[in-house]
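Engineer: Residues or ranges marked as transmembrane segment in Swiss-Prot: 20-40, 50-70, 75-95, 113-133, 138-158, 197-217. The N-linked glycosylation site annotation in Swiss-Prot covers 164 and rests on sequence analysis.
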């Protein structure tokens, strides 16, 4: 995020903790890279996809925007985005394969999953670019990330409830995503506290509401995953 504030010299207070912020950025990248790698592995093993289609399109569109159109000047951020974008293309291919099986009850979707993913990604991509043109890439980066996170957390929770099955998900998938996102909250908090002239808006009511919503949704996901997993274990023991 500080990679989009090159016109502003960081204050001395922030420079002292920048190493910590960059460490959390790397932690964010590590968590999401593990999550993406596991999603690819699950997809290629024929398991259902664990990310709903719209959040998937939105994620890859956001990464396209801030890797290619508005690249960050922060090398750590840019490297994380580039790796995530590369892995997301493989995830997209895996999602297309999974959709043929998971959505076989809906031929319109299962037979045209690739086209739907492409159109969805282009729509989200143009939306992220338009937002950056409207309010500037620094703000759009953050608000776009908020939308991505909420769509993913809430979409994932309802996907788990709708399936009532652990197929396509695991504790490692959930925890890597959750910890990666918590690292995002941590480095954003450091920037807000030690560079308030640029990032003070991160303490706004809407951002705080988004933070609470994310924490509630992802915590609920963990609780529901435990309940579903426990029910599956009991069912297997009966048989």
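The backbone N, Cα and C atoms fix where each Cβ goes, and this holds for glycine too.
These numbers come from a predicted model, not from an experiment.
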Engineer: If you count Cβ pairs under 8 Å, which stretch among 20-40, 50-70, 197-217 touches the transmembrane segment (138-158) the most?
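Structural biologist: Selected stretch: 50-70, with the most Cβ pairs under 8 Å.
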Engineer: I'd like the Cβ neighbour count for residue 164 (N-linked glycosylation site), meaning other Cβ atoms within 10 Å of its Cβ, all protein chains included.
Structural biologist: 12
Engineer: How would DSSP class residue 164 (N-linked glycosylation site) in three states?
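Structural biologist: In the DSSP reduction, residue 164 (N-linked glycosylation site) maps to coil.
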Engineer: Between 20-40, 50-70, 75-95, 197-217, who has the most Cβ pairs under 8 Å to the transmembrane segment (113-133)?
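Structural biologist: The stretch with the most close Cβ contacts to the transmembrane segment (113-133) is 50-70.
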